[in-house]
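As written in Swiss-Prot, here are the features:
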TRANSMEM  33-53  transmembrane segment
TRANSMEM  77-98  transmembrane segment
BINDING   His83, His182  heme b b562 binding site
BINDING   His97, His196  heme b b566 binding site
TRANSMEM  113-133  transmembrane segment
TRANSMEM  178-198  transmembrane segment
BINDING   His201  ubiquinone binding site
TRANSMEM  226-246  transmembrane segment
TRANSMEM  288-308  transmembrane segment
TRANSMEM  320-340  transmembrane segment
TRANSMEM  347-367  transmembrane segment
Amino acid sequence: MTIMRXKHPLLKLINHSLIDLPAPSNISSWWNFGSLLGICLMIQILTGLFLAMHYTSDTTTAFSSVAHICRDVNYGWLIRYLHANGASMFFICLFIHVGRGIYYGSYTLLETWNIGIILLFTTMATAFVGYVLPWGQMSFWGATVITNLLSAIPYIGNTLVEWIWGGFSVDKATLTRFFAFHFILPFIITALVLVHLLFLHETGSNNPSGLNSNSDKIPFHPYYTIKDLLGILLLLMVLMILVLFFPDILGDPDNYTPANPLNTPAHIKPEWYFLFAYAILRSIPNKLGGVLALILSILILAAFPLLNSSKQHSLIYRPITQSLYWIFIANLLVLTWIGGQPVEYPFTTIGQISSVLYFTIIIVLMPMAGMIENKILKLY
């Protein structure tokens, strides 16, 4: 069997990626989230496939078809809630995965990092078009508000919006194409994941110390397969608690009302995992400025390798940058909270302060802290 897995073209590929892969001996549980994201993606594709068998992408029947899935299809409620809450688990793992990358300096692996940013954008696009499909109030108005942002693009904005809508408002054509996008994007994500792994295995994994670990590697199997398995079991446990006890805790009650173009909900807001970006968007009074800030809030991740001023790889021995990092995380949570609040004082002011702080920490304070730490440690 050993010879077989080392010689067979297909098994050789799996062997070099998951079995005989040399891995650093000291990677912590923060490195588990990559495999957890893979499991989340598999759960989403499988549950999504079964949902697509019963869903109809027509404005008159979309809402009813989701109700039909929950009421009449065998374990349809379970599949639907696994898919909805699976998306939340996906984003929790994504944010932790990116946060780990920032903390331990994984952004120095340029190709892997940049493919990761593209993956983040693609996943966000998938989640957005997916949220429109149940055709509830928040689905409809969320789609209307977010697609309308493209009208801020000078000269071609309005034409672009109508082209995406397939008409003069969010309607049947929009729903049908969003369903098509939602179906195809996870497979594009899967392809990108393989590219992400390809680039990662070119350089090898980073590790908590930030030092070169080539002299101290261990095989991925059995050490990290068993470790990943524990992570997967914990993830599934949390997901099942969510699905079976609190299936609607992360959703919006407005989405249980069928879409009505004549009745606007009091507070239009996206799913919780977009709230931080939504808060940044709302904190700028100008439409185009808001859209640019929204895109930059994610695209700023690409600037991390450029803004890195420290001679050390990881934040583990950098107390000043470490403090800034945790302030940044706290600020991100504040933005998430603000995104779900109505547009009124004091929320708007808090949102504006947090948005400025979000960009200031990344662009100004962290590079400065890196330079100060270099000076203190005499690392010129």
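Cβ atoms are placed via backbone N, Cα and C, with glycine included.
Cα spacing between His97 (heme b b566 binding site) and His201 (ubiquinone binding site): 17 Å, rounded to the nearest whole number. Listed in sequence order, the residues of the same chain lying 6 or more apart from His196 (heme b b566 binding site) and placing their CB within less than 8 Å of its CB are Thr112, Ile115, Gly116, Leu119.
Between the C-alpha atoms of the residue listed as 'ubiquinone binding site' and His182 (heme b b562 binding site), the distance comes to 29 Å.
Within the chain, the transmembrane segment (113-133) has long-range Cβ neighbours (under 8 A, six or more residues past its boundaries) at 55, 57, 62, 66, 87, 90-91, 94, 97-98, 101, 106-107, 139-140, 142-143, 146, 170, 174-175, 178-179, 181-182, 185-186, 188-189, 192-193, 195-196, 199, 270-271, 273-274, 298-299, 301-302, 304-305. In this chain, the transmembrane segment (347-367) lies close to the transmembrane segment (288-308): three or more C-beta pairs between them fall below 8 angstroms, excluding pairs fewer than 6 positions apart. Here the binding-site residues are His83, His201; the one with the fewest Cβ atoms within 10 Å of its Cβ is His201. For His182 (heme b b562 binding site), applying a Cβ distance below 8 Å and a minimum sequence separation of six or more within one chain yields Gly48, Thr126, Val129, Gly130, Leu133.
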